[in-house]
Each structure stands twice: as C-alpha cells, then as structure tokens.
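Peer 1: Structure in structure tokens, see below.
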Amino acid sequence: MPSYTVTVATGSQWFAGTDDYIYLSLVGSAGCSEKHLLDKPFYNDFERGAVDSYDVTVDEELGEIQLVRIEKRKYWLNDDWYLKYITLKTPHGDYIEFPCYRWITGDVEVVLRDGRAKLARDDQIHILKQHRRKELETRQKQYRWMEWNPGFPLSIDAKCHKDLPRDIQFDSEKGVDFVLNYSKAMENLFINRFMHMFQSSWNDFADFEKIFVKISNTISERVMNHWQEDLMFGYQFLNGCNPVLIRRCTELPEKLPVTTEMVECSLERQLSLEQEVQQGNIFIVDFELLDGIDANKTDPCTLQFLAAPICLLYKNLANKIVPIAIQLNQIPGDENPIFLPSDAKYDWLLAKIWVRSSDFHVHQTITHLLRTHLVSEVFGIAMYRQLPAVHPIFKLLVAHVRFTIAINTKAREQLICECGLFDKANATGGGGHVQMVQRAMKDLTYASLCFPEAIKARGMESKEDIPYYFYRDDGLLVWEAIRTFTAEVVDIYYEGDQVVEEDPELQDFVNDVYVYGMRGRKSSGFPKSVKSREQLSEYLTVVIFTASAQHAAVNFGQYDWCSWIPNAPPTMRAPPPTAKGVVTIEQIVDTLPDRGRSCWHLGAVWALSQFQENELFLGMYPEEHFIEKPVKEAMARFRKNLEAIVSVIAERNKKKQLPYYYLSPDRIPNSVAI
C-alpha cells in the first residue's frame, strides 16, 4: 500500500503547541484517504517549535495530491495550535510543500493547498475552485469593514483586540498594551517621580533636563543642546520625524504679507524676497489644517491652545534651510504679527516653539496615524477579504500587514479613543485629532503615497538645489528597490497586461481599497482597477513602501526629535502672542506643558520609538508562503539591493555629526506594528 511521509512544523511563538488530537487526510486526483491520527507513542507531539514526522499509509493510489485536510479535535480543553507548514513525501519520492502559517482554533477542519501561487484562472479543477471560493467567503465574514468615525477610512469591525481573528492578533497582547507600555516607559526613564506634581510648571528650560536621562551621545542630546538654533529648526523639516510638509514656495501667499524689508537681514544673495522666490530659494510650511481645530478641553483645570502657523524658510549660501518669518495664525492683522529672526530673542523663540508644537500635532495625527497606520490597515483588510492564500499577491503582501490591524485596534481601544491616553497630554486630544483626520482626508491621494511623485509635488526633488534632504535621498533608494522587486514578482505570475486586467480577485482587492478605504472619492486618485503590469507593480510598491519605509521614517525618530519637550510640545497652556516685545522666559515656561503632561509625552514617544521583540525588517520573509524558485531568487536579489543601500547610508553617516538612519533597510520593519 502507498505510504507518505508527513512532516508537520509547529510555530515557535508562545503557546503555539497543542495537546489536541490532530487528524490528517489527503485529497488526490484519484481519491481521498481516510483520516489518520498523527500520534507517536510515548512522544509529546506538536510541541512549540517542533518539527514532527509521521508515516501515513493509504489503501489505494491517490494520484496527484491536491489538498491536505487537517482536523483538530479537543483533547481536554480547547488548545489553539499554530501550524507553520506541512511537507509531504510521496511514494514516488516527490516533495510537496503546504504552507499554513496560521492559528487553528477550536474543533475545526483546515484545508491546505500546496505552496505554488495560483491565479484564479489557473484553477480548472472543481475542488480547487470550490476551496478558493469558500476561503474568501469565510474571510469576508471574519474581516468586516466598520466606520470608526465619520469621514475616516473604514477599519476592522472589532471593538477590542480579542475580537480580532486569531491569525492577526499579537502573539502576546501584553506586549502592545499602551497603558502598560507607557507606565513601563516612565519607569525606565525615571520620570514617574514627577507625576504627583502633574499640573505644576517647570522652573526654566534647564529644569526639563530632570526628566531627560540616558541620552549621552544621542540625537536627543544634540537636540537638547541646539534646539534654539535656526539651523536645527530648519533641519528638522528635512530630516526630523515629519519631513513631508516642507515645499518650495513658488508664490508668496496673500495671507502672509511679508516684505523684503522685513527679512532682508536674513537674505544673503542681495536679492529681493520676490527674486529669491523666483530663484527657488524660499520654502514654506503651512499648518492651515489646524485652523479652527478644537483644543483639548478634557481637563477643566488646564486650558490648552492650538495655532495654525505659516513658516517661511530660506536656503542660505551654505545650502542650509533656516526660518525667516513666522505668522502664528492664518489671517493677517495687527494682533497676528509676523515674527522675524531680528525680533527680540524670546519673541522669535516662542514663535518657533509654536511651529514645532503645530508640527508635532500634524505629524502624530496625519503623517503618522492617517497616512501610515490607517492606510496600511485598509490595504490589509482588503487583502484578507479579496485574495485567497494561494494568490501570489496575498503571498507577497501578507508580511507587510503583519500586526497592523491589531496595533490599530489596540490604538482605538486605548490610545485615540474618547478619554484615551492621547487625551492626557495632547492639545489635539478630546476630539481635535478626529477633526484633523476628517479634514486631511481630502488631501489623501494615491499620488501623495507614491514617494517620487510626492517629493516632486512639493518641489523638493533636486539634489543639487537641496543637498541635505536625506529623507528624500534614502527614500528614493528604498522605493526603487521595492519597485524592482514587485515588478519581478508581477512578471513571474502575469505574463501580460491582459492577465492583470482579467484577474477578478486582484480587481476586487483594488476596488475594496477604493470603495471602503478612500470612501469612493474620485478626487483621491486611487484606482478602482489596475490594467497593466506596470500599474500593478507601482500599486504594490505603494502598499509595501507605506507599511515599511514611510512608517519607519515618521515613527522611529519620535524619541530622538520629540523627547526634548521644548522642541516638540504636545500642548501649549497659553494662547499665541498677539504682540511683539512682551515675551519673557517665564512666559515661555508657563506656556510649555506642565510636569505631568511632559512625563506622559516622554513616555509616549519612547514607547512608540521601540522596535517589536523579534522584529522582522524589510526583506526578511521567514514565513515561506512562496515556494517557487524564481520568486525566491527575486527575494534574494531584493535583499542584496537592500544590503547595498544599508552600506551607502552607513558610509554617508560616518561623516555626519547628525546621522540619518531611519530609512536604512536594516532599521525598517516590514509592517506597521507599533
């Protein structure tokens, strides 16, 4: 009788093993085997991290094996099991791989396809078509869209982490408990001793150093020492944790009535301000989005304030970007003066602090939350709903949505919900952050997620004109490496544009993103369908780049740039100044966050800047969803390209007092998971 050798690999994460009964049956083109209990006498089967082998003898020839059925039945208590893969050695000596990489929970039957990626058109056998359809029907019941707030991209229909499908939950929920992590952060940073003085002001700038430990020889220390300097202020718009707002100014806005006479002491080329604009030396950052946003009112004991500044910047003869004019609100007038570097020291400093605070709010809520977290969740939900596990695009993307839906669900549960942690320290808490996302949706376009196009749209593409924009330089390298990789994978499975156009599952995936993620907005520019291999490759590059590189660029620098409180105040306790010549150091300190909010803020940016335990970085694919040699070779080339980028960035950083490493591929996690 024919005999098969079955190898079963159990996951190595905590509680991956099981004591439940595991049965296996084989489905072939010529018949189906009986159920076989996988059990070895005097042996503990399916332990965490184990690879177990079993001989399975069948009564008759089964033909080509098409499916493997796994049944899990309760032994004593339900015991979840994480199955990595099954391999089958046939009586003819052939090896067949059946990837799984998911949790098997309860008393269930799981059906596995072999690991070869297949488009829908490749499945001509009824049982395979049926399996494909049933998998998507089941997933669409599990992964349901929900509107968390009006106007937001839709998210997963789950009130809390434990409501999620087991496959997308964190291995340990404790590791992503925001309350626990923030408390741990404050303990690690030795700042919980200040919490009893929650609403008291600091005495002066030096007083902030009491909560600033463990920073020797770090970017944080450099920020603390140089934050008041105009060069450091300008540098952050290029290479800080929000390097996406600065744009070349092609015309001075009417709402900022700045003149040459006002700024001539800052201009170094003996040109008028208008001539500097024409020569491309003037840049602008406009926080119009914040105009009219409600400030946090959740604490009746502390008034909090927001501004909507406009900041004009200048490229000096050293090609460095420096601020030359700041107006703290959108409508010009006598009580909304334009602050200048030539003003009194504390006037100018407070104006810059207001800009830094506004930048913090836009960074946290729009650049970070909306444009990486929420967008990546949309891609993840659409993928699970519309692409079966056998689809090549599912196999390509699944690593890049790992834990994303889970981290966002935890954020909605603890962080950005009503009365959540975000409300404790941020002026945009208490609902302002919701208003911001609703406003910013109109600017969330497909083109703005295409990295090269986004850089060009802001007039920031020239390396000769703007030589110190490392976010742009490194981002373009990583974008091109991802684009090359996705193009290779697409070409393996789609031999022509027509195959792309005629792939119904792919088109449903793209349409789901448009309809539910972008809420069917034509102005978003998101495609409803893809019609060519080139377009598909670009689309996949957007998905992967957003989840990996873009998130890394705007997330992991938060402690570096935001931990020195005066450089990134999460709230301001007095309104913007309405006149010049009245600001004192005491007024600035009383405007900055109090001790308690400073501590909450510091704990938050520390916790958010940490990599996950056992982090998987860009190009690492330990779960082998693909088994075909051409794709594995493409992955190897991808990793080689990424290693070359790591070397280029490391070599440049050797010469820099202020290194930029957020887009070094060895520091870019595969997915949004923190």
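Cβ atoms are placed via backbone N, Cα and C, with glycine included.
Owing to the predicted nature of the structure, the values given are computational and were not obtained by experimental measurement.
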Peer 1: If Swiss-Prot marks one of SER266, SER272, SER537 as phosphoserine, which residue does it mark?
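Peer 2: My reading of Swiss-Prot gives SER272.
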Peer 1: Using all protein chains shown, find which of the binding-site residues HIS368, HIS373, HIS551 scores highest when you count other CB atoms within 10 A of its CB.
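Peer 2: The residue with the most neighbouring Cβ atoms within 10 Å is HIS551.
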Peer 1: Which residues, sitting 6 or more apart from SER524 (phosphoserine) on the same chain, put a CB under 8 Å from its CB?
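Peer 2: Same-chain residues close to SER524 (phosphoserine) (Cβ under 8 Å, separated by 6 or more) are LEU444, THR445, TYR446, TYR514, MET518.
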Peer 1: For SER272 (phosphoserine), which of the three DSSP-derived states applies: helix, strand, or coil?
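Peer 2: The residue in question, SER272 (phosphoserine), is coil (DSSP, three-state).
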Peer 1: Output the one of SER272, ASN555 that, of all these recorded positions, has the highest number of other Cβ atoms within 10 Å of its Cβ.
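Peer 2: Checking each of SER272, ASN555, the winner is ASN555.
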Peer 1: For ASP79 (Ca(2+) 1 binding site), which of these recorded positions sit within 10 Å, Cα to Cα: SER272, HIS368, HIS551, ASN555?
Peer 2: none
Peer 1: Sort the recorded positions TRP103, SER272, HIS373 by C-alpha distance from ASP80 (Ca(2+) 1 binding site) and give me just the closest.
Peer 2: TRP103
Peer 1: Helix, strand or coil at TRP103 (site 'Essential for stabilizing binding to COTL1'), per DSSP?
Peer 2: strand
Peer 1: Across all the protein chains here, work out how many other Cβ atoms are within 10 Å of the Cβ of ASP79 (Ca(2+) 1 binding site).
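Peer 2: Taking all protein chains shown, ASP79 (Ca(2+) 1 binding site) has 17 Cβ neighbours within 10 Å.
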Peer 1: Taking the recorded Fe cation site as HIS368, HIS373, HIS551, ASN555, ILE674, identify the other residues of that chain whose CB atom sits within 8 Å of the mean position of the site's CB atoms, giving them in sequence order.
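Peer 2: Neighbours found: LEU369, THR372, VAL554, LEU608, VAL672.
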